[in-house]
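So that you can see what the record holds, here are the features copied from Swiss-Prot:
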- Gly40, Trp126, Asn176: L-aspartate binding site (BINDING)
- Lys239: N6-(pyridoxal phosphate)lysine (MOD_RES)
Amino acid sequence: MKELLANRVKTLTPSTTLAITAKAKEMKAQGIDVIGLGAGEPDFNTPQNIMDAAIDSMQQGYTKYTPSGGLPALKQAIIEKFKRDNQLEYKPNEIIVGVGAKHVLYTLFQVILNEGDEVIIPIPYWVSYPEQVKLAGGVPVYIEATSEQNYKITAEQLKNAITDKTKAVIINSPSNPTGMVYTREELEDIAKIALENNILIVSDEIYEKLLYNGAEHFSIAQISEEVKAQTIVINGVSKSHSMTGWRIGYAAGNADIINAMTDLASHSTSNPTTASQYAAIEAYNGPQDSVEEMRKAFESRLETIYPKLSAIPGFKVVKPQGAFYLLPDVSEAAQKTGFASVDEFASALLTEANVAVIPGSGFGAPSTIRISYATSLNLIEEAIERIDRFVK
């Protein structure tokens, strides 16, 4: 029989986050008391008014195809959101709605990358960036942002990484997995290098609404019209409105790129789920109280978990400013407990301490683990106690 699989998928690395989450769920199904700190989604239910909007749309018969790039009403809601939150002006032909921000990113790389084009990715990175770039024929080029620099790349690092094959750089702020937020000044320095070298900026802003202790979100596209023209902004309702399962994300930027993405989407998904689009319209046009309530809950959890995690022997923790993750360096704790690697340490936490965390190797940071505080405070505190006992 001929080889069944294409070469391009043979080097794919399965999503670490989804794999650990699945293993934890499997253990729970066996009756094991597992506490999951690996979740990449809010633990709150979608607000009722948003669910009602989806139900109403179906009852009114809105169950057919929509335009491939999204409902005009949803595009308009997104345009108003950009005006309100980011002081950015976009036209409908500069917006595409897709099946979650992940799929929007995938579609973007498919339409902008030729074989061998390079995309600069800061380390630590979200697990899907390198895989999506490779699937589009691109080459990931990594810049390591250390804990000493708060896990944020510098303009000088970016400048040194650019070659004649560089097509784009990814900026994720607030960041998954670090929770760090770039300042306006840092983004201005990065944008200057991108403009000088004529490379596209891919700005992933999905955690925009989850900011703590006075941190402020600033979109790199806000710097100037020139920067905006060279930036594709990625966002969605998954994290801000606790709608991960609804699968609605979007991109805003250059009309030619957006048009190409829309053409590709017409052959891959037809359109995002119709009811989900109506739910997203309500998410942006309806009351925003729940967004702030969820943010406050995450902030409260962070203030509880950070000092306790920092007190565990061998844990070095940089306090995050956004998202709902911490990324402690636990190499010392792993060594202290007799493990050859942090991956083995993380695996033992699951099988022996019944706490699920994500090994940092999946994010390009093998000395770390990612801990999510998108779960109840009681469970978080119990999980930290288990980790503390395990290490001691």
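Using N, Cα and C of the backbone, Cβ positions are placed for all residues, glycine too.
Taking Cβ-Cβ distances under 8 Å and a sequence gap of 6 or more within the same chain, the neighbours of Asn176 (L-aspartate binding site) are Gly40, Trp126, Ile206, Tyr207, Ala323, Tyr325. For the L-aspartate site, whose binding residues are given in the record as Gly40, Trp126, Asn176, the maximum C-alpha distance rounds to 11 Å.
Apart from Gly40, Trp126, Asn176, the residues listed for L-aspartate, the same chain places the Cβ atoms of Thr17, Val127, Pro177, Ala323, Tyr325 within 8 Å of the centroid of those Cβ atoms. Close to Lys239 (N6-(pyridoxal phosphate)lysine) in the fold, though at least 6 residues off in sequence, lie Glu41, Pro42, Ile206, Tyr207, Lys209, Leu210, Ala323, each with a CB less than 8 Å from its CB.
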